[in-house]
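Single-structure report; data block below.
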Amino acid sequence: MLIRKYFSQFLVLLCLAAAAAAQAQNLPNVVILATGGTIAGTGATTTTTTVGYTAAKVGVDALIAAVPELKKVANVRGEQTMQIASENMNNDAWLKLAKRVNTLLAQSDVDGIVITHGTDTIEETAYFLDLVVKSKKPVVIVGAMRPSTAISADGPINLYNAVLLAGSKEAIGKGVLVTLNDQINAGREVTKTNTSTLDTFKTPELGFLGYIQGSKPFFYRQSTRKNTADTPFDIMNLDKLPQVDIVYGYANMNPIALNAFVAAGAQGIIHAGVGDGSLNNTVVPSLTEARKKGVVIVRASRVGQGIVARNGEADDDKLDFVVSDTLNAQKARILLMLALTKTTDTKEIQKMFWEY
Ligand code: DAS
(Lines of atoms letter the chains of each structure in order from A and count residues from 1; the text may use other names and numbers.)
(Lines give C-alpha, C1' and ligand atoms only; values in the text may rest on other atoms or scores of the structure.)
Protein backbone atom coordinates (compact mmCIF):
# COMPACT_ATOMS: atom_id res chain seq x y z
CA MET A 1 0.00 0.00 0.00
CA LEU A 2 2.76 2.37 1.11
CA ILE A 3 4.93 1.50 -1.94
CA ARG A 4 1.98 2.25 -4.29
CA LYS A 5 1.51 5.67 -2.57
CA TYR A 6 5.20 6.60 -2.94
CA PHE A 7 5.28 5.28 -6.49
CA SER A 8 2.31 7.42 -7.55
CA GLN A 9 3.91 10.47 -5.87
CA PHE A 10 7.11 9.67 -7.78
CA LEU A 11 5.13 9.51 -11.04
CA VAL A 12 3.52 12.90 -10.33
CA LEU A 13 6.93 14.44 -9.68
CA LEU A 14 8.27 12.86 -12.86
CA CYS A 15 5.42 14.36 -14.92
CA LEU A 16 5.93 17.77 -13.33
CA ALA A 17 9.66 17.61 -14.08
CA ALA A 18 8.95 16.57 -17.67
CA ALA A 19 6.44 19.42 -18.07
CA ALA A 20 8.94 21.92 -16.63
CA ALA A 21 11.66 20.63 -18.96
CA ALA A 22 9.31 20.85 -21.94
CA GLN A 23 8.34 24.41 -20.99
CA ALA A 24 12.01 25.38 -20.54
CA GLN A 25 12.74 23.93 -23.98
CA ASN A 26 10.19 26.28 -25.54
CA LEU A 27 11.52 29.35 -23.73
CA PRO A 28 14.27 31.56 -25.19
CA ASN A 29 17.73 31.52 -23.59
CA VAL A 30 18.63 34.99 -22.32
CA VAL A 31 21.91 35.95 -20.68
CA ILE A 32 21.90 38.90 -18.28
CA LEU A 33 25.18 40.84 -18.16
CA ALA A 34 25.23 43.04 -15.04
CA THR A 35 27.33 46.20 -14.96
CA GLY A 36 26.00 48.03 -11.85
CA GLY A 37 23.93 51.19 -11.56
CA THR A 38 20.85 52.08 -9.54
CA ILE A 39 19.08 48.90 -10.61
CA ALA A 40 21.70 47.22 -8.39
CA GLY A 41 21.62 49.99 -5.83
CA THR A 42 20.71 49.91 -2.14
CA GLY A 43 19.49 52.61 0.25
CA ALA A 44 19.39 52.85 4.03
CA THR A 45 15.57 53.06 4.13
CA THR A 46 12.70 52.10 1.87
CA THR A 47 11.99 55.74 1.23
CA THR A 48 15.52 56.38 0.02
CA THR A 49 14.58 56.71 -3.63
CA THR A 50 16.21 59.24 -5.92
CA VAL A 51 18.95 60.46 -3.59
CA GLY A 52 21.00 59.03 -0.75
CA TYR A 53 21.40 55.46 -2.01
CA THR A 54 24.51 53.68 -3.29
CA ALA A 55 24.57 52.35 -6.84
CA ALA A 56 26.25 49.10 -7.93
CA LYS A 57 25.91 47.02 -4.75
CA VAL A 58 23.60 44.07 -5.59
CA GLY A 59 24.99 41.13 -7.61
CA VAL A 60 23.39 39.71 -10.74
CA ASP A 61 22.20 36.48 -9.07
CA ALA A 62 20.35 38.50 -6.43
CA LEU A 63 18.78 40.68 -9.14
CA ILE A 64 17.54 37.54 -10.91
CA ALA A 65 16.35 35.89 -7.67
CA ALA A 66 14.30 39.00 -6.86
CA VAL A 67 12.17 38.40 -10.00
CA PRO A 68 11.06 34.75 -10.01
CA GLU A 69 8.64 35.63 -12.83
CA LEU A 70 11.63 35.71 -15.19
CA LYS A 71 11.45 31.90 -15.38
CA LYS A 72 8.03 32.16 -17.06
CA VAL A 73 9.37 34.14 -20.02
CA ALA A 74 12.94 32.86 -20.53
CA ASN A 75 15.69 30.56 -19.37
CA VAL A 76 17.97 33.14 -17.77
CA ARG A 77 21.48 33.06 -16.41
CA GLY A 78 23.62 35.97 -15.22
CA GLU A 79 27.20 37.18 -15.46
CA GLN A 80 28.68 40.05 -13.45
CA THR A 81 30.66 41.82 -16.16
CA MET A 82 31.49 44.74 -13.84
CA GLN A 83 29.95 46.54 -10.86
CA ILE A 84 30.09 50.31 -11.40
CA ALA A 85 27.96 53.42 -11.23
CA SER A 86 27.68 54.31 -14.89
CA GLU A 87 29.09 57.83 -14.52
CA ASN A 88 32.35 55.84 -14.34
CA MET A 89 31.74 53.95 -17.60
CA ASN A 90 34.78 54.15 -19.89
CA ASN A 91 36.20 52.90 -23.20
CA ASP A 92 37.91 49.86 -21.66
CA ALA A 93 34.65 48.78 -20.00
CA TRP A 94 32.81 49.23 -23.30
CA LEU A 95 35.30 47.05 -25.17
CA LYS A 96 35.09 44.34 -22.48
CA LEU A 97 31.27 44.40 -22.54
CA ALA A 98 31.01 44.46 -26.35
CA LYS A 99 33.43 41.53 -26.75
CA ARG A 100 31.45 39.47 -24.23
CA VAL A 101 28.15 40.31 -25.99
CA ASN A 102 29.54 39.29 -29.38
CA THR A 103 31.03 36.06 -28.02
CA LEU A 104 27.75 35.06 -26.36
CA LEU A 105 25.55 35.99 -29.34
CA ALA A 106 27.71 33.80 -31.59
CA GLN A 107 26.58 30.81 -29.49
CA SER A 108 23.53 28.94 -30.81
CA ASP A 109 22.24 28.43 -27.23
CA VAL A 110 21.94 32.21 -26.62
CA ASP A 111 18.87 33.93 -28.09
CA GLY A 112 19.25 37.38 -26.58
CA ILE A 113 21.19 39.53 -24.14
CA VAL A 114 20.05 41.87 -21.36
CA ILE A 115 22.50 44.37 -19.91
CA THR A 116 21.69 45.93 -16.53
CA HIS A 117 23.32 49.36 -16.42
CA GLY A 118 23.37 52.70 -14.62
CA THR A 119 21.05 55.27 -16.17
CA ASP A 120 23.59 58.11 -16.43
CA THR A 121 25.34 56.71 -19.50
CA ILE A 122 22.88 54.10 -20.77
CA GLU A 123 22.34 56.22 -23.92
CA GLU A 124 26.07 56.10 -24.72
CA THR A 125 26.59 52.38 -24.08
CA ALA A 126 23.43 51.67 -26.09
CA TYR A 127 24.73 53.56 -29.14
CA PHE A 128 28.24 52.12 -28.82
CA LEU A 129 26.81 48.57 -28.83
CA ASP A 130 24.36 49.53 -31.61
CA LEU A 131 27.46 50.15 -33.76
CA VAL A 132 29.70 47.22 -32.70
CA VAL A 133 27.44 44.23 -31.92
CA LYS A 134 27.73 41.81 -34.86
CA SER A 135 24.41 39.96 -34.57
CA LYS A 136 20.72 40.60 -35.29
CA LYS A 137 19.75 38.87 -32.04
CA PRO A 138 18.16 41.25 -29.47
CA VAL A 139 20.39 43.24 -27.11
CA VAL A 140 18.35 45.14 -24.51
CA ILE A 141 19.81 47.57 -21.99
CA VAL A 142 17.86 48.22 -18.80
CA GLY A 143 18.28 50.38 -15.72
CA ALA A 144 16.23 51.79 -12.90
CA MET A 145 15.59 55.21 -11.41
CA ARG A 146 15.03 53.83 -7.88
CA PRO A 147 17.32 51.45 -5.95
CA SER A 148 16.25 47.85 -5.31
CA THR A 149 15.48 48.64 -1.62
CA ALA A 150 13.03 51.48 -2.30
CA ILE A 151 9.21 51.42 -2.09
CA SER A 152 7.93 50.88 -5.68
CA ALA A 153 11.40 50.14 -7.01
CA ASP A 154 11.19 50.12 -10.81
CA GLY A 155 14.14 47.74 -11.31
CA PRO A 156 12.27 44.41 -11.02
CA ILE A 157 9.56 45.22 -13.56
CA ASN A 158 12.12 46.87 -15.86
CA LEU A 159 14.27 43.72 -15.68
CA TYR A 160 11.25 41.49 -16.36
CA ASN A 161 10.33 43.61 -19.39
CA ALA A 162 13.91 43.62 -20.65
CA VAL A 163 14.19 39.82 -20.47
CA LEU A 164 10.91 39.21 -22.27
CA LEU A 165 11.91 41.78 -24.92
CA ALA A 166 15.36 40.19 -25.38
CA GLY A 167 13.70 36.80 -25.85
CA SER A 168 11.06 38.05 -28.27
CA LYS A 169 11.00 37.55 -32.03
CA GLU A 170 9.73 41.13 -32.42
CA ALA A 171 13.02 42.56 -31.14
CA ILE A 172 15.19 40.69 -33.66
CA GLY A 173 16.91 43.04 -36.12
CA LYS A 174 15.76 46.24 -34.36
CA GLY A 175 19.26 47.29 -33.21
CA VAL A 176 20.21 47.75 -29.56
CA LEU A 177 17.14 48.67 -27.49
CA VAL A 178 16.66 50.44 -24.15
CA THR A 179 13.63 49.71 -22.01
CA LEU A 180 12.49 51.32 -18.78
CA ASN A 181 9.00 52.42 -17.69
CA ASP A 182 7.24 49.99 -20.12
CA GLN A 183 8.64 51.97 -23.07
CA ILE A 184 11.01 50.83 -25.85
CA ASN A 185 13.63 53.23 -27.25
CA ALA A 186 16.24 52.81 -29.98
CA GLY A 187 19.87 52.90 -28.85
CA ARG A 188 20.75 55.50 -31.49
CA GLU A 189 18.18 58.12 -30.42
CA VAL A 190 17.33 57.46 -26.75
CA THR A 191 18.45 60.09 -24.24
CA LYS A 192 17.98 60.78 -20.52
CA THR A 193 15.67 63.82 -20.29
CA ASN A 194 15.16 64.19 -16.50
CA THR A 195 17.65 63.83 -13.67
CA SER A 196 15.38 61.69 -11.47
CA THR A 197 11.89 60.78 -12.74
CA LEU A 198 10.80 57.26 -13.80
CA ASP A 199 9.90 58.38 -17.34
CA THR A 200 13.27 60.00 -17.98
CA PHE A 201 14.24 58.00 -21.08
CA LYS A 202 12.71 59.42 -24.23
CA THR A 203 13.37 59.85 -27.92
CA PRO A 204 12.19 63.47 -28.16
CA GLU A 205 10.48 64.36 -31.47
CA LEU A 206 11.29 61.06 -33.22
CA GLY A 207 9.52 59.01 -30.53
CA PHE A 208 9.52 55.60 -28.86
CA LEU A 209 9.81 52.45 -30.98
CA GLY A 210 6.97 50.96 -28.92
CA TYR A 211 5.75 49.72 -25.57
CA ILE A 212 5.67 46.61 -23.41
CA GLN A 213 2.20 45.78 -22.19
CA GLY A 214 0.81 42.57 -20.64
CA SER A 215 4.21 40.83 -20.97
CA LYS A 216 4.31 41.51 -24.72
CA PRO A 217 6.33 43.98 -26.80
CA PHE A 218 4.46 46.20 -29.30
CA PHE A 219 6.55 47.94 -31.97
CA TYR A 220 5.17 50.86 -34.05
CA ARG A 221 8.34 51.93 -35.85
CA GLN A 222 12.05 51.19 -36.13
CA SER A 223 15.20 53.24 -36.72
CA THR A 224 16.07 53.82 -40.41
CA ARG A 225 19.79 53.84 -39.67
CA LYS A 226 22.14 50.90 -40.26
CA ASN A 227 23.18 49.20 -37.02
CA THR A 228 24.78 46.09 -35.43
CA ALA A 229 25.64 43.54 -38.13
CA ASP A 230 25.24 46.18 -40.88
CA THR A 231 28.06 48.47 -39.74
CA PRO A 232 31.80 48.10 -40.59
CA PHE A 233 32.96 48.63 -37.00
CA ASP A 234 34.71 45.57 -35.53
CA ILE A 235 36.13 45.91 -32.01
CA MET A 236 36.96 42.24 -31.32
CA ASN A 237 40.70 42.78 -31.83
CA LEU A 238 40.81 46.33 -30.42
CA ASP A 239 42.14 47.00 -26.92
CA LYS A 240 41.99 50.81 -27.16
CA LEU A 241 39.75 53.42 -28.78
CA PRO A 242 40.90 56.79 -30.25
CA GLN A 243 40.76 59.77 -27.88
CA VAL A 244 37.80 62.02 -28.80
CA ASP A 245 36.72 64.88 -26.52
CA ILE A 246 33.75 67.26 -26.38
CA VAL A 247 33.82 71.04 -26.03
CA TYR A 248 30.58 72.75 -25.03
CA GLY A 249 29.46 75.97 -26.67
CA TYR A 250 28.06 78.96 -24.69
CA ALA A 251 27.99 82.76 -24.72
CA ASN A 252 31.39 84.30 -24.01
CA MET A 253 33.13 80.99 -24.84
CA ASN A 254 36.94 80.70 -25.02
CA PRO A 255 39.31 78.09 -26.60
CA ILE A 256 41.11 77.05 -23.37
CA ALA A 257 39.48 73.61 -23.05
CA LEU A 258 39.70 72.97 -26.78
CA ASN A 259 43.43 73.82 -26.86
CA ALA A 260 44.04 71.60 -23.84
CA PHE A 261 42.30 68.61 -25.45
CA VAL A 262 44.31 69.02 -28.65
CA ALA A 263 47.57 69.44 -26.72
CA ALA A 264 46.73 66.24 -24.82
CA GLY A 265 46.53 64.33 -28.09
CA ALA A 266 42.81 64.19 -28.94
CA GLN A 267 42.37 62.64 -32.41
CA GLY A 268 38.86 64.06 -32.69
CA ILE A 269 36.88 66.95 -31.21
CA ILE A 270 33.10 67.18 -30.95
CA HIS A 271 32.07 70.84 -30.78
CA ALA A 272 28.61 70.96 -29.13
CA GLY A 273 27.75 74.39 -30.46
CA VAL A 274 24.87 76.71 -29.67
CA GLY A 275 21.86 76.52 -32.00
CA ASP A 276 22.53 74.75 -35.27
CA GLY A 277 26.10 73.94 -34.21
CA SER A 278 27.30 77.58 -34.42
CA LEU A 279 30.94 78.45 -33.62
CA ASN A 280 31.91 81.39 -31.38
CA ASN A 281 34.55 83.52 -33.15
CA THR A 282 36.94 82.93 -30.24
CA VAL A 283 37.30 79.22 -31.04
CA VAL A 284 37.43 79.19 -34.84
CA PRO A 285 41.22 79.81 -35.03
CA SER A 286 41.89 76.97 -32.57
CA LEU A 287 39.54 74.62 -34.46
CA THR A 288 41.23 75.51 -37.73
CA GLU A 289 44.66 74.97 -36.19
CA ALA A 290 43.60 71.62 -34.77
CA ARG A 291 42.27 70.54 -38.15
CA LYS A 292 45.61 71.44 -39.75
CA LYS A 293 47.25 69.09 -37.20
CA GLY A 294 44.96 66.28 -38.41
CA VAL A 295 42.39 66.43 -35.60
CA VAL A 296 38.93 65.59 -37.01
CA ILE A 297 36.36 68.22 -36.02
CA VAL A 298 32.64 67.40 -35.81
CA ARG A 299 30.09 70.18 -35.46
CA ALA A 300 27.30 68.98 -33.17
CA SER A 301 24.76 71.00 -31.21
CA ARG A 302 24.08 71.48 -27.48
CA VAL A 303 20.38 71.75 -28.37
CA GLY A 304 19.83 67.98 -28.48
CA GLN A 305 17.19 67.72 -31.25
CA GLY A 306 17.22 68.44 -34.98
CA ILE A 307 19.70 68.15 -37.85
CA VAL A 308 23.02 70.06 -37.73
CA ALA A 309 23.09 71.25 -41.35
CA ARG A 310 26.32 70.89 -43.34
CA ASN A 311 27.60 74.31 -44.53
CA GLY A 312 24.83 75.98 -42.49
CA GLU A 313 26.37 77.94 -39.58
CA ALA A 314 29.93 77.34 -40.86
CA ASP A 315 31.64 76.66 -44.19
CA ASP A 316 32.32 72.98 -43.47
CA ASP A 317 33.58 72.34 -46.98
CA LYS A 318 36.24 75.07 -46.62
CA LEU A 319 37.11 74.22 -42.99
CA ASP A 320 37.03 70.46 -43.73
CA PHE A 321 34.71 69.83 -40.76
CA VAL A 322 32.12 67.06 -40.35
CA VAL A 323 28.57 67.64 -39.07
CA SER A 324 26.81 65.30 -36.62
CA ASP A 325 23.38 65.05 -38.35
CA THR A 326 20.91 64.42 -35.47
CA LEU A 327 23.38 62.82 -33.02
CA ASN A 328 23.83 64.69 -29.74
CA ALA A 329 27.42 65.44 -28.70
CA GLN A 330 27.94 62.36 -26.51
CA LYS A 331 26.70 60.06 -29.28
CA ALA A 332 28.61 61.90 -32.01
CA ARG A 333 31.74 61.25 -29.90
CA ILE A 334 31.06 57.49 -30.05
CA LEU A 335 30.57 57.40 -33.82
CA LEU A 336 33.68 59.54 -34.41
CA MET A 337 35.76 57.27 -32.12
CA LEU A 338 34.71 54.21 -34.13
CA ALA A 339 35.04 56.03 -37.47
CA LEU A 340 38.66 56.86 -36.56
CA THR A 341 39.37 53.13 -36.14
CA LYS A 342 38.60 52.85 -39.89
CA THR A 343 39.71 56.14 -41.51
CA THR A 344 40.74 59.80 -41.02
CA ASP A 345 39.21 60.80 -44.35
CA THR A 346 36.59 63.43 -43.47
CA LYS A 347 34.48 62.64 -46.55
CA GLU A 348 34.27 58.99 -45.49
CA ILE A 349 33.52 60.02 -41.91
CA GLN A 350 30.77 62.41 -43.02
CA LYS A 351 29.14 59.53 -44.92
CA MET A 352 29.17 57.49 -41.72
CA PHE A 353 27.29 60.26 -39.91
CA TRP A 354 24.65 60.11 -42.64
CA GLU A 355 24.42 56.28 -42.47
CA TYR A 356 24.63 55.17 -38.78
N1 DAS B 1 24.74 56.97 -10.81
C2 DAS B 1 23.71 56.40 -11.65
C3 DAS B 1 24.35 55.46 -12.62
O4 DAS B 1 24.96 54.47 -12.21
C5 DAS B 1 22.70 55.63 -10.92
C6 DAS B 1 21.64 55.17 -11.88
O7 DAS B 1 20.76 55.96 -12.13
O8 DAS B 1 21.72 54.05 -12.40
O9 DAS B 1 24.20 55.72 -13.81
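Glycine is treated like the rest: Cβ placed from N, Cα and C.
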Site-mate of THR119, ASP120 for substrate in TrEMBL, selected among SER86, SER135, SER148, SER152: SER86
Between THR38 (active site, O-isoaspartyl threonine intermediate) and SER86 (substrate binding site), the C-alpha gap once rounded to whole angstrom: 9
Three-state secondary structure, which DSSP defines for ASP120 (substrate binding site): coil
Lowest local Cβ density among SER86, ASP120, which the record lists as binding-site residues, within 10 Å: ASP120
Per-region confidence, the domain 'Asparaginase/glutaminase C-terminal' (243-353) (mean pLDDT, whole number): 98
